[in-house]
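**Student:** Just passing along the structure, written as structure tokens.
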């Protein structure tokens, strides 16, 4: 059996200018990064005769290895193309932290990949490096401001802007800077986040154009004065420099699938510690050019899909016409109590228990009023009895189920899912927001925790409650909420699998992100700088004297 990278290496790619031509984009509309990658110059002209349908792919709570949501996404896009629908896949860029850590890349798998997979999973077009440079330039400017006058009285103890790196590096979570004497700056305690957690990543993914990006950058709160008043980038006059560093990164990236379907891969916030959606500009561009735009939101529907619908959708101005919930037999069994070592065996009892996890995700999407289908991402170890149990469960809830064999067969293995999605997208949907945006941040957190997660109550730390009082005084109550929590559980405890009910959900702290336009609520012990596992993916990779890489997935 070939590995993902071996399959990708054997693929015959179409020159990117020909992929662009499929969308009506001529060579002046793109900036090529080699033969198979390009940036799309903005704005693009909409194609009025297209259907402009939006399909959101989400999933149940995953196992640590992930459940192939990106694989199903790509397979679905290729299947829609095989059915002669102009289709564009809109997805996030991978972070090199997980690529070299535990989860691996994010370009799909098997015969459902976006390519060139090696480039996309590594440095791609440099967007993450530009974001890292912009973020850290702002951090350096802040430290310089503290040292050279500090006219606004920014309190070094209350600077909340952190540096970032696109690596999993737990040693950088808490650091002290400015040591070494008076010429080395003002000593202060700070830390590093991973680049996808940066507010600049969220801003890049929510900005509607370069002017909006600059306006959002200017609204970033970097810290507070000695009088506890917020200080923004705009007050410091640093927004121009930061925006200059992002002027190319804001342009969406165009690549292709193994089936030669156009794919716009742009932006990469994580869904557990950020809002987990690709850029608004990428999705809008795809919608303007295609009959069907197939996009994804990170991790389970409790994280990525909720944030897509409550944070991204209002900016995008478009509600999904259909939702696909990806489930796997192994993840359902894992959520039902099976050990990771037993997931290759038939575990009908654990599978039945784990179906409660899927059922809650179904109910959550139905609460929004969206047409949906469940896609079973097929693994070779799945048995007919396991598949039937899932099908019977979903049919009892009025939801159709389709088995997708995207990894092994690409678009051809996902045709049934594509036909179901086309039928769903023609239905009339009546979207219902989860919460009132005029509600307080506390009320919004409680709504998400009780209605989406199944919590009985929310416990706020003393620090969080004090922050809520401050936010009310500052007029920040109308911002949406972005909860940072574990992806493995509906709770804030990653060991509580399945579909727990009536539990206490814990919020320890809030982080205002006015540039992005939301407030982050940190739940449990969620960290914004991941660490590496005992055996990182990095140690399984090799490169030979000719530059050929193995072990990348």
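A Cβ is built for glycine as well, from the same backbone N, Cα and C atoms used for every other residue.
Feature table excerpt (Swiss-Prot):
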- 63, 64, 65, 66, 67, 68, 69, 70: ATP binding site (BINDING)
**Student:** Tell me which of the binding-site residues 63, 70 sits in the most Cβ-dense spot, judged by other Cβ atoms within 10 Å.
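**Tutor:** Of the binding-site residues 63, 70, the most buried by Cβ count within 10 Å is 70.
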**Student:** CB neighbours of residue 69 (ATP binding site) within 10 A?
**Tutor:** 29
**Student:** What does DSSP say about residue 69 (ATP binding site): helix, strand or coil?
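**Tutor:** Looking at the DSSP assignment, residue 69 (ATP binding site) belongs to a helix.
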**Student:** Can you tell me the three-state DSSP label for residue 63 (ATP binding site)?
**Tutor:** coil
**Student:** Validating a neighbour-count step here. Other CB atoms within 10 A of the CB of residue 66 (ATP binding site): how many?
**Tutor:** 20
